[in-house]
């Protein structure tokens, strides 16, 4: 059986470094996702209509803001309050449960966005996929509301399971004299809660993978068609394929890294009691939302224009200040 050396405590310098890194990741994630939210909210204030992609990105960024806050709380709880020799505190379990819920909501939103990209970019030749794609394009807002409703149902089930298990655990501890046996029950309860909360990720994962696969196949077919033609002009369809696939692959990679880090952190917490390993896992989990937000900004034309406008405004302000600081020439 795989075993690791328990690391029950870490040095004060290591805790400070971990909290500093967590605060930096939190700041980057908040700035990037808040920028996406503010750009789209400003368009709403100016009464400019948001397209379906902007609405999905707005919802996804709001979810990411919540994720970043939970991960910062997770880091503070681990570094300052959670002792590795003790069972998981109720607060720590609640933070991890809320993180799983928020991560699942972001997966539902990413699946909707993937289906939207697929319906807008891929050219279907068969009747049934063509009608499905046109339905997604026309009914995207309704589909997004259904996804949010399903997310709310999964959230209610996860919270119900969490509170029921917490109540049953507190009741069983009153009737059990064996501390070691009660700790084993607590570990199994939280592991079952983790599995139960992530069962709801299966449908959006399948939708995301299928639509992403269709996009990749469509890109391959489009590139073969372009090779047979000698046109050297700019191809908007190819660029749209590449932008969509970069977004989807990056999201999938970040999601897998975040989920695997969360999965590995559970035995590190409850079986191996390795605090260093849990800190590394939380750092990886916190880097994923901010990293994907940066990719979204770099690949979205409207967000890039907003950044260019903001940088131009800052440069002009700096030039004005520099001019005012130059002393007048004396004759």
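Here the Cβ of each residue, glycine as well, is placed from N, Cα and C on the backbone.
Small disclaimer: the values here were computed from a predicted structure and weren't measured.
These features come from TrEMBL:
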- 20-43: transmembrane segment (TRANSMEM)
- 55-76: transmembrane segment (TRANSMEM)
- 96-119: transmembrane segment (TRANSMEM)
- 140-163: transmembrane segment (TRANSMEM)
- 190-219: transmembrane segment (TRANSMEM)
- 240-270: transmembrane segment (TRANSMEM)
- 276-297: transmembrane segment (TRANSMEM)
Candidate ranges 20-43, 96-119, 140-163, 276-297 - greatest C-beta contact count to the transmembrane segment (190-219) (under 8 angstroms): 96-119
Cβ-based contact of the transmembrane segment (96-119) with the transmembrane segment (240-270), 3 or more pairs under 8 Å: yes
Stretch contact, the transmembrane segment (276-297) with the transmembrane segment (140-163), Cβ-Cβ under 8 Å, 3+ pairs: no
